[in-house]
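Asks: Heads up, here are the entries from Swiss-Prot:
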- His34: active site, proton donor (ACT_SITE)
- 27-34, 147-150, Val176, 184-187: ATP binding site (BINDING)
- Gln58, Gln153: (R)-pantoate binding site (BINDING)
- Gln58: beta-alanine binding site (BINDING)
Amino acid sequence: MRALETIATLREYRKSLKESVGFVPTMGALHKGHQSLIERSLKENSHTIVSVFVNPTQFGANEDFSAYPRPLEKDLALCEGLGVNAVFVPKTSEMYPYEIEKRLKLYAPTFLSHSLEGAMREGHFDGVVQVVLRLFHLVNPTRAYFGKKDAQQLLIIQHLVQDLLLDIEIAPCEIVRDSDNLALSSRNVYLNATQRKQALAIPKALENIKQAIDKGEKACEKLKKLGLKILETLEVDYLEFCNHKLEPLKTIEPTNTLVLVAARVGKTRLLDNLWV
């Protein structure tokens, strides 16, 4: 496995690849959720490249950039064990050669980025677009793999590819859950045993909402009340029902409904969702 630290070495390596290339962009602290993305890429492509880069532009002023876990040696060992061909591990100065005031300004589309996570984390998705477009430009993948857990991010990346006419297939990947049903996240390491038990209210709320939908309930307001009752011990940022354009829904639309939740357990903010 190649560990590529510079854009020059990445470009040289990429030129040598003649067949399909799968790409899994990450911020490191890899877990079984990332592993599932990597394994799918390995299955569907001749070559797989993973990036590990904690992107500063998608963190707000009061967020956990400096504290974000960076177990690079462990991440590299995981990738090598899975059979990844190369891992791109650039420094910030490689990805952002210019100071902020000299950079080209890139903005996520407002109709997808200013609600939900975008409303809670101003500028977050602008930072995501900044780094993902740069990585796409450098890696030039056949396919890129993103988890459905970050649903809003996935929708924005899909729109980015369509709007900028990029010849990249975006492959959405199912949410991976731990044995207790908590969605896997690099931030789960911040939870102590008591907090982890409290956090299980999140998947339980979504599961109960799904059961109610399966039994025929379509009124989003009733379903929201059901979910909020289960989440009452947590600090809920939002529990919303939207279509795939992130427009609010009053009634469930089969194959076009997202139930999105963000809640805090102690100081840890967790996301989860249900694709109906």
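Every residue gets a Cβ built from N, Cα and C, even glycine.
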Asks: Could you check which of the recorded positions His34, Gln58, Gln153 is the closest Cα neighbour of Val176 (ATP binding site)?
Replies: His34
Asks: Could you state the CA-to-CA distance between Gly33 (ATP binding site) and Gln153 ((R)-pantoate binding site) to the nearest Å?
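Replies: Each residue's Cα considered, Gly33 (ATP binding site) and Gln153 ((R)-pantoate binding site) end up 16 Å apart.
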Asks: Between His34 (active site, proton donor) and Ser186 (ATP binding site), how far is it from one CA atom to the other, in Å?
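Replies: Spelling it out, the Cα of His34 (active site, proton donor) and the Cα of Ser186 (ATP binding site) are 10 Å apart.
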Asks: Give me the non-local Cβ neighbours of Ser186 (ATP binding site): same chain, 6+ apart in sequence, Cβ-Cβ under 8 Å, ordered along the sequence.
Replies: Met27, Gly28, Ala29, Leu30, His31, Tyr68, Pro69
Asks: Can you check what DSSP calls Gly33 (ATP binding site), collapsed to helix, strand or coil?
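Replies: It is helical.
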Asks: Would you mind ranking the binding-site residues Met27, Leu30 by how many other Cβ atoms sit within 10 Å of each Cβ and giving me the lowest?
Replies: Met27
